[in-house]
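Participant: To start, I am sharing the structure in question, which I have written as structure tokens.
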């Protein structure tokens, strides 16, 4: 009976770098019979590139058994020199293979253009028929045994037993024989009893595995965590050997001769034992032990600090101890780095006996594994060192320690020290206690009672027990004091009292000065005694408000360099509203926005304003067309004849779009908590529009009738004035018509004209806001017929005719065109009639004396011809 050993290795195909081409390696696992030749083919085709190098390895990429360069020269490593040849471009052939040739074969190529690496693998299993002896049993031993030869070798799937009678028969596996009479130990096969079963070999003394063979042949393995490990255990047994691998805890980790870790873990370090035993006689066994050490650590984010603080706040010169630890095999290496620190030790301890102020910053513990270069992990913490103020580190700027100051002057002193965190400063002195983080003592107006010692105390908020101080001495000089007080109220008598005190006590009081802001309103004389001056203000009003200055001098110059010292007080008067009666006329245009603004001063401030329109006092309210409000504004007011700019108020009536009905008179009522006052104003569009279409409608012998269309009166009564002139220089009012607010056409008849005389006419209107422009240019002439001819031509042709004189017997005919007036030339004779010129009163215009009246002459018969010719 014979048996096969089989070595099964899990196979896989790995493509490391993808390039243009295709791998083909046949089956993932190749099974082959021992003692024969084996060809392992790795087929690959390239597109556009060639081989740069090729190599073949067994079980590891570092265990290279053969290499070939781009020219095909093959280099073979022992012990394969006589057994390995190149097969094609990518394959190799091994002769006389045995179980030691089982394993994972790797094929590497590098291309000649891109220099990319590609790797392929396949697993080979070699099955052998070992030398198997007879089963060691005694005579008449009854047992059953099963043939265990796998059907893996072509032509060897059956046994060829030889019986004691020399006959040979073929038996298929499996076969069970129930009774044996095997030859005794040491006997030749021919002496065996009938029915015994033996193979055609010599008999051995039982089935002993003998010594175990390991591949790779070493008993100690050191590797990095997550790497792979392959160890093959083999021995000789009859029939087949049974293999087990046991781990560090005694548990079975493999039931074959192969110990394989794809990715070994840190907890898999320890002793591993391979046991080979006979399948039928377990007591026959052999063992071999290997030691596996897995290197690992340090792990990321697994470095711990003790204490576990991530930040420290320490006082200068205090102690700092921090222990850094991590897990490594072998033991970790530790390095500390930080401000002024660089420590290497295997204990991970950072120890600083007296930390310094310049050691603020980050301290880093870096952990490495001496067996795993490039692998490290870190942990860090931040240190803030609190220090200061130093005993000799406080400075003053200016560096003076004594000051002589004039009262009301200002001075500053900067106290400075160095601390972490920022120093706290406190200044304490007469009338002063200042705490801030800047150390600045600032006195804007020092007083006489602030003479004394000022002390700057500097502390550290993180080290309360430590402080330093600095002192300065201040002397304040002052001269004469002047004190002013008053009593009284609105509409009553107010007394202002000026009291002086100083040395020597001989005072000269000057006149009081009344000011508002920087404007001097008036000077006033008080009643003086040796030490006081009293000013009396009877019936006080708003105009009396302001500042009253009392000036006193002594014969000795004060520290301010002046012999005159002043005192002052402010009087605030509360009363009814004070306003200026200046602008009472406000102008606005139709369909435009307009604003009526009435400035006033009120103490207390005004809170209400009312506007009323016309004599009926109809109140104007806030609508979509009007807006009423109070605003603050700076305005000029007159106090005792002096203009003063004050912050006052304005009452505002705003028209968003002026309508004709908005024009007229308004009354504004202004109110505060004390009383009210009123203001009357006029809102108009201004002077009236110019009368339109001014022309002559009728000419008689001694009179002429003029007609025009009114110009808009802007909401106020208007008056029309017709003027006449004989020389275009001196003008006389010929007609005045009080039209009021009437609209439409108007006319005036001018009588008492003189014959044979040239007249000029013009027209304008006026209202309370002013005069309009003169009326448009017109001209006309008077013929001598009974019926007058009227000629009305525009100004554009008038300039072309300077004047035309036609000599006709008994008749004179003249046309004159002048801008903005009507010219009439009458051929008539003077009549002895009295004037009937109207007299106009209360028009605001002073008419000139009325002209004489004239009667018309008879018209010459040639005038019509001349008129037509023109």
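FYI, residue positions are counted from 1 along the chain as it appears here.
Quick reminder: no glycine exception, Cβ is built from N, Cα and C everywhere.
Below are the features listed in TrEMBL for this protein:
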type	residues	note
SIGNAL	1-21	signal peptide
DOMAIN	209-291	domain 'Ig-like'
DOMAIN	307-382	domain 'Ig-like'
DOMAIN	389-473	domain 'Ig-like'
DOMAIN	491-566	domain 'Ig-like'
DOMAIN	690-787	domain 'Fibronectin type-III'
TRANSMEM	793-818	transmembrane segment
Participant: Hey, which of 307-382, 389-473, 690-787 has the most Cβ-Cβ pairs under 8 Å against the domain 'Ig-like' (209-291)?
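Facilitator: Ranked by Cβ pairs under 8 Å, first place goes to 307-382.
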Participant: Of the stretches 307-382, 389-473, 690-787, which racks up the most C-beta pairs under 8 Å with the domain 'Ig-like' (491-566)?
Facilitator: 389-473
Participant: Return the average pLDDT for the domain 'Fibronectin type-III' (690-787) as a whole number.
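Facilitator: When the pLDDT values over the domain 'Fibronectin type-III' (690-787) are averaged, the result is 82.
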Participant: So are the domain 'Ig-like' (389-473) and the domain 'Ig-like' (307-382) touching or not, going by 3+ C-beta pairs under 8 A with a sequence gap of 6 or more?
Facilitator: yes
Participant: Just to be sure I understand, if DSSP states are collapsed into helix, strand and coil, how many residues of the domain 'Ig-like' (307-382) fall in each?
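Facilitator: Its residues divide into 3 helix, 47 strand, 26 coil.
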Participant: Give me the DSSP three-state residue breakdown of the domain 'Ig-like' (491-566), ordered helix, strand, coil.
Facilitator: 3 helix, 40 strand, 33 coil
